[in-house]
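Q: Take a look at the following structure, please.
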Amino acid sequence: MVHYKLTYFNARGLAEISRQLFHMAGVEFEDERINEEKFSQLKPTFPSGQVPILCIDGAQFSQSTAIARYLARKFGFVGQTAEEELQADEVVDTFKDFIESFRKFVIAVLSGESEEILKNIREEVIKPAVKTYTAYLKAILEKSSSGYLVGNELTWADLVIADNLTTLINAELLDIENDKLLKEFREKIIETPKLKEWLAKRPETRF
């Protein structure tokens, strides 16, 4: 039996989608959560000096998107055709572009910056980025007959976006109660039985 170990901090962050994919597929894995001290000790042993790290029977692999894409493909969450797989990748890459603007806010929060600085980042960087990003998502959902972002089945793109919407809500950067389309999409995904089970028992973290 293959042994999987996923190493990351005690946060959703860059490892959460991989964790969700393991649970959605019903595949056992070791969810190793490390602190900064442990990371400093292990860093020299990691391929790129970064986490998350997926260890498969002792072989290490890095890069969060590569890991999640591998698991999605292996467990059947990439769509039913090559074109659907391409579309799922497109959605995830659009999310990654958006996250670059969001990263500045996360760093400011974790660094303890003043509320004034956080407010400036929200107004000047985050809000315009959120508007463009959510418009892109809603354009896809408006054309969807299934309620999913890609095809007629849940894909890893749905997991990525639903998790990100949760982060935006928690950071008070998205008023989803006034956005019917995104609210219905997020609820559809997080109410998926196996995912709902994981969300109920995972450790509570801010990001």
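If you go along the chain as it appears here, the first residue is 1 and each next one adds 1.
Glycine residues also receive a Cβ, built from the backbone N, Cα and C atoms like all the rest.
Per Swiss-Prot, the features are:
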BINDING   Tyr8, Lys43, Gly49, Gln50, Val51, Gln63, Ser64  glutathione binding site
DOMAIN    2-79  domain 'GST N-terminal'
DOMAIN    81-207  domain 'GST C-terminal'
Q: What are the DSSP helix, strand and coil residue counts for the domain 'GST C-terminal' (81-207)?
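A: For the domain 'GST C-terminal' (81-207), the helix, strand and coil counts are 96 helix, 0 strand, 31 coil.
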Q: Near the Cβ of Gln63 (glutathione binding site), how many other Cβ atoms are there if near means within 10 Å?
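A: Around Gln63 (glutathione binding site), other Cβ atoms within 10 Å: 16.
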Q: Based on the record's binding annotation for glutathione (Tyr8, Lys43, Gly49, Gln50, Val51, Gln63, Ser64), what whole-number value in Å is the widest Cα to Cα distance?
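A: With Tyr8, Lys43, Gly49, Gln50, Val51, Gln63, Ser64 as the binding residues for glutathione, the largest Cα distance is 16 Å.
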Q: Among all chains shown, work out which of the binding-site residues Gln50, Ser64 has the most CB atoms within 10 A of its CB.
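A: Counting every other Cβ within 10 Å of each candidate, the maximum falls on Ser64.
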Q: Under a three-state reduction of DSSP output, how is Ser64 (glutathione binding site) classified: helix, strand, or coil?
A: helix
Q: Can you give me the same-chain residues 6 or more apart in sequence from Tyr8 (glutathione binding site) with a CB-CB distance under 8 Å?
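A: In sequence order, Leu14, Ala15, Glu32, Arg33, Ile34, Val51, Pro52, Ile53 meet the Cβ cut-off.
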Q: Counting only residues 6+ away in sequence within the same chain, which have a CB under 8 Å from the CB of Lys43 (glutathione binding site)?
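A: Gly49 - these are the non-local Cβ neighbours of Lys43 (glutathione binding site), listed in sequence order.
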Q: Which numbers of helix, strand and coil residues does DSSP report for the domain 'GST N-terminal' (2-79)?
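A: Looking at the domain 'GST N-terminal' (2-79) with DSSP, the answer is 32 helix, 19 strand, 27 coil.
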